[in-house]
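As given in Swiss-Prot:
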type    : residues                                 : note
BINDING : G113, S114, H115, G116, K117, T118, S119 : ATP binding site
Amino acid sequence: MLDKTKQIWFIGIKGTGMASLALILHDLGYKVAGSDIDKYTFTQDPLEAAGIEVASFSKDNIKESGQVIVKGNAFKSDNIEVAACEEKGVKWQSYPDTVEEIVQQYTSIGVAGSHGKTSTTGLLATVLGEAAPTSFLIGDGMGKGVKDSRFFVYEADEYRRHFLAYHPDYQIMTNVDFDHPDYFKDRDDYASAFQTAADQTKKGLFVWGDDERLQKIHPKTAKKYTYGLKDSDDFQAFDVVKTTEGAKFHVRANGEDLGEFTIHLFGDHNVMNATAVIAIAFTEGIDLDVVRKGLVKYTGAKRRFSEKDFGDTVVIDDYAHHPTELRATIQAARQKFPDRKLVTIFQPHTYSRTKEFEEEYVEILKGVDKAFLTPIYGSAREAAGDIKSEDIASQIPGAEVIDFDNLKDLLAYKGDCIVFMGAGDIPKYEVAFEEMLGK
């Protein structure tokens with residue numbers, strides 16, 4: 001249990017969710033510190049800015065009293081601090097269980113789904129924050145705790161069924177599209193986790209109406225609402241106009257036109273994400289003009305279509321690593337930069353996922369003007385596999401595998417839209433390329 005008289009020590013504090021949670025608890029008046037690998041990660045910047053200690057792993061960090069230990073999901077007994085807890089008889093609590101403590105203190109809204117969680121959570125937090133004090137936990141390393149909050153908005157990760165620790169008032173489910181083949185047995189096993197999460201939702205479940213798996217999910221207690229583009233949806237987006245500045249659209253609820261809304265986000269998926277946010281706000285009785293203000297204010301999450309200009313060259317960084325996410329990112333780039341050639345640098349993420357979706361990756365990357373792939377990014381669980389990036393590139397006309405030794409080949413595409421996509425260390429390639437552009 002969280003305790004303000006004790007230090008809250010995070011094992012793995014630089015993980016995206018852990019960093020967000022540490023920031024929230026710090027804002028709420030807890031004494032927060034933690035440890036992680038020494039290698040730089042972008043999540044440490046807000047931690048350091050908040051004055052939160054980030055130490056190296058050491059058994060000496062674990063005290064026999066005076067601490068509440070929060071353990072990151074990735075760390076097992078082979079971690080020196082987890083081992084120290086076991087040796088000293090010090091109990092720890094998991095990241096999901098700690099988040100659940102916060103969930104129960106406020107009107108809570110979880111955002112689940114195979115794709116779109118981070119962007120939708122950020123958008124929802126911004127909109128609700130315009131209406132009332134709102135704490136939030138976002139999977140891009142950002143978190144904020146606001147005392148006397150009315151709302152708590154959080155990203156609910158389905159991996160290893162972590163989100164089943166939560167019992168929110170409301171939940172958005174953006175889609176159910178098979179992922180994490182290293183853990184889930186098959187598509188039915190994956191979907192069953194979302195059914196359980198729906199059963200644990202108390203008041204309202206908001207699902208994308210076009211998703212076949214979500215159509216089959218029926219919560220035990222909460223009322224189910226659909227959002228989408230169809231007349232049959234409870235919250236229907238219509239008269240959608242997409243431009244190089246974003247999108248404008250109307251939303252209909254119970255036959256009533258709620259008026260026009262504007263977002264400075266790109267791609268069909270973001271219209272759907274915004275409609276889900278509008279549905280939550282409408283259900284909670286929030287003034288729609290306040291909702292409009294929040295929608296316009298939000299410009300995106302970290303590593304979600306993050307855009308930089310280098311003269312006439314546009315560089316975009318995106319977390320996309322699942323086929324559905326690649327499609328959405330490519331569509332968004334085409335929408336915003338219709339007159340530029342589209343060059344993609346994709347880093348496949350984990351061998352099991354790459355093998356599972358090989359055919360889809362080939363199909364998608366055939367649709368860009370020039371496709372590059374970096375070597376596959378493995379994981380602690382999968383250090384090697386029986387597929388490599390060359391296997392994908394060989395099936396795509398003109399595609400190449402790129403690494404740091406031939407990264408300069410990208411300079412031939414100055415003036416184009418260059419998109420780096422992946423969930424591993426693809427930002428290292430982007431930074432190296434940007435340094436070349438700056439010379």
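Here the Cβ of each residue, glycine as well, is placed from N, Cα and C on the backbone.
Everything Swiss-Prot records as a feature, shown here on the structure.
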{"residue": "G113", "record": "ATP binding site", "contacts (Cβ under 8 Å, 6+ apart)": "T120, I172, M173, T174, N175, V176, W208"}
{"residue": "S114", "record": "ATP binding site", "contacts (Cβ under 8 Å, 6+ apart)": "E158, T174, N175, V176, D177, F178, D179, H322, T324"}
{"residue": "H115", "record": "ATP binding site", "contacts (Cβ under 8 Å, 6+ apart)": "T174, N175, D177, H269, H322, T324, E325, A328"}
{"residue": "G116", "record": "ATP binding site", "contacts (Cβ under 8 Å, 6+ apart)": "T174, N175, H269, M272, N273"}
{"residue": "K117", "record": "ATP binding site", "contacts (Cβ under 8 Å, 6+ apart)": "V111, G139, E155, A156, D157, T174"}
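The secondary structure of S119 (ATP binding site), as reduced to three states from DSSP, is helical. DSSP classifies S114 (ATP binding site) as coil under the three-state reduction. Looking only at the binding-site residues T118, S119, the densest Cβ neighbourhood within 10 Å occurs at S119. Apart from the site residues G113, S114, H115, G116, K117, T118, S119, the chain places the Cβ of V111, T120, T174, N175, N273 no farther than 8 Å from the centroid of the site's Cβ atoms, the recorded ATP location.
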